[in-house]
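Trainee: Before we start, here is the structure in question, set down as C-alpha cells.
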Amino acid sequence: MSDHDYDVVIIGGGPAGSTMASYLAKAGVKCAVFEKELFEREHVGESLVPATTPVLLEIGVMEKIEKANFPKKFGAAWTSADSGPEDKMGFQGLDHDFRSAEILFNERKQEGVDRDFTFHVDRGKFDRILLEHAGSLGAKVFQGVEIADVEFLSPGNVIVNAKLGKRSVEIKAKMVVDASGRNVLLGRRLGLREKDPVFNQFAIHSWFDNFDRKSATQSPDKVDYIFIHFLPMTNTWVWQIPITETITSVGVVTQKQNYTNSDLTYEEFFWEAVKTRENLHDALKASEQVRPFKKEADYSYGMKEVCGDSFVLIGDAARFVDPIFSSGVSVALNSARIASGDIIEAVKNNDFSKSSFTHYEGMIRNGIKNWYEFITLYYRLNILFTAFVQDPRYRLDILQLLQGDVYSGKRLEVLDKMREIIAAVESDPEHLWHKYLGDMQVPTAKPAF
C-alpha cells in the first residue's frame, strides 16, 4: 500500500484547480483540492471565450452551467472614443469608422465547440459549480484550508503543509499542482515569479443594476455582447459585461502609473475615466451601484518555469498578462486540460520528473505566447486591431485569437503581419497612424519567460 495520502494535491479551487481535479478524478487519479476560501466568493474575470466550451463538455459540467442560466455571449464589440474620418491605409472592407469593431463567434468554426455562444458568468456561482462538480467525480475537496508550504523531498515525494485555523496537517503526495491564481504560491516559494517587462496593469470595477446596455449600441441583438470601450487616456479601457438580466459588471483597466500619478482615490479615478465617454458615464450614473468598488493590482507576471520535478503550475499561477480579450478563464481551463494528460501518464508510469511534463510546458507556453503577443500588439496600435477585425483578409485569423483557439502548437502568421505593419508605423514619424501608437513597446517574438 502506498504511504502517500494522494497522488496529486491541487492548491486552489478556482476554475484551473477544479478543472484539473475533474480530469484527474475521471481518470481514477487520487487527488485533493485545497481552497483557502469558502465558496461562493466574489471574483473578477466574468466573460468566457469559446475555447472554454470543449473543456466544459469533456469534464461533463456543461449541463450544470446551462441550468445556472448565465447570460449567453454570442459576440464582442469594441467602441472608440475618437470621431471623424481616418485614412484606411489600403485595408479592405472597412466602414466609415473602423476604429470600432464587432464579431460573432459563429463566423468561424472551432473544433470541439458545439454552439454559437459561450457565457458571461457570476464567478462566485460559476466557480462553485466547477468545484462541486469535481467533488461529484470523486476528487476530495477541502474549503477553508490554506496551504502554508510545500516541501519537495524527491520526484514523487512531496509534503504539503495545510492549515485550518491554528491546526496544521502534513499531507503526503506524489506531486503538487499550483492553481492558486495570482497568489502564485509555488512561484513565490521557488523564486520563479518574474514581473512582466511591458505590462503593469491596474483595474477598478463594480456591479451596476439597471445599467442601460442600449447606451453602447443601437442594435437590440448586441446588448448582451461584451463591450470594450476605448478611452482617450493612454492604455486605458472599460469592460462592460452582462451578469444577469439587470446587473452589469463594469471595470476600468489602466497602466498602474496612470492611477498613482493622479492623486485620486480609486473610486474617483473610475469616475474620471468613464467621464471621457459621455454616454457610458451617464448610463452608469443613472444605474444603481450594488457592490463596492474593488481594485485589482499585481496584474502582469510570468514564471521562469511552469513545471519541474513533482510540480506543475496552471492558470493564473503560471502566467497573467491583461484581461483585454477575456483570456483568463480560458487559460485556466485549457492549461488544466493539457497538463492533466501529462499528469495522468506520470501517475501511470510513476515518473514525476520534470521530463514527464514537457508536452504541457511546450503547449501552454506557445498558447500563452500567442495571447501575450496579440495583447501587446493591440496596446501598441489598437487602430490596427480594429482594421484587421474588419478586413476580410484577416478577420477569421483575428477571430481565431478572440475565440481563444491558440493551443494548436503552431505559429499564428497574422501576428507576424501585424508586427510588420507596426514596425512600418514606428519607423515613419510622418505615417498617418503614427499618432495612434501607444507607449508600450512590443517585445521580441520570443518572450524572456
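The backbone N, Cα and C atoms fix where each Cβ goes, glycine too.
Found this in Swiss-Prot, in case it helps:
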| type | residues | note |
| --- | --- | --- |
| BINDING | Ala16, Glu35, Arg41, His43, Val44, Ser47, Arg123, Ile147, Asp316, Val329 | FAD binding site |
| BINDING | Ser327, Gly328 | chloride binding site |
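Describe the structural context of these features.
Mentor: If you draw a 10 Å sphere around the CB of Arg41 (FAD binding site), it holds 14 other CB atoms from the protein chains shown.
Reduced to three states, the DSSP call for Gly328 (chloride binding site) is helix.
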Trainee: So for Asp316 (FAD binding site), how many other CB atoms are inside 10 Å of its CB?
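Mentor: If we count other Cβ atoms within 10 Å of Asp316 (FAD binding site), we arrive at 26.
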Trainee: Gly328 (chloride binding site): which of the binding-site residues Arg41, Arg123, Asp316 have a C-alpha within 10 angstroms of it?
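Mentor: Those near Gly328 (chloride binding site) - Cα within 10 Å - are Asp316, in sequence order.
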Trainee: To see if you understand the setup: which same-chain residues, six or more apart in sequence, place their Cβ under 8 Å from that of Ser327 (chloride binding site)?
Mentor: Val49, Val321, Trp371, Ile375, Gly404
Trainee: Which residues of the same chain, at least 6 positions away in sequence, have a Cβ lying under 8 Å from the Cβ of Arg123 (FAD binding site)?
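Mentor: Arg123 (FAD binding site) has long-range Cβ partners Glu42, His43, Val44, Gly45, Glu46.
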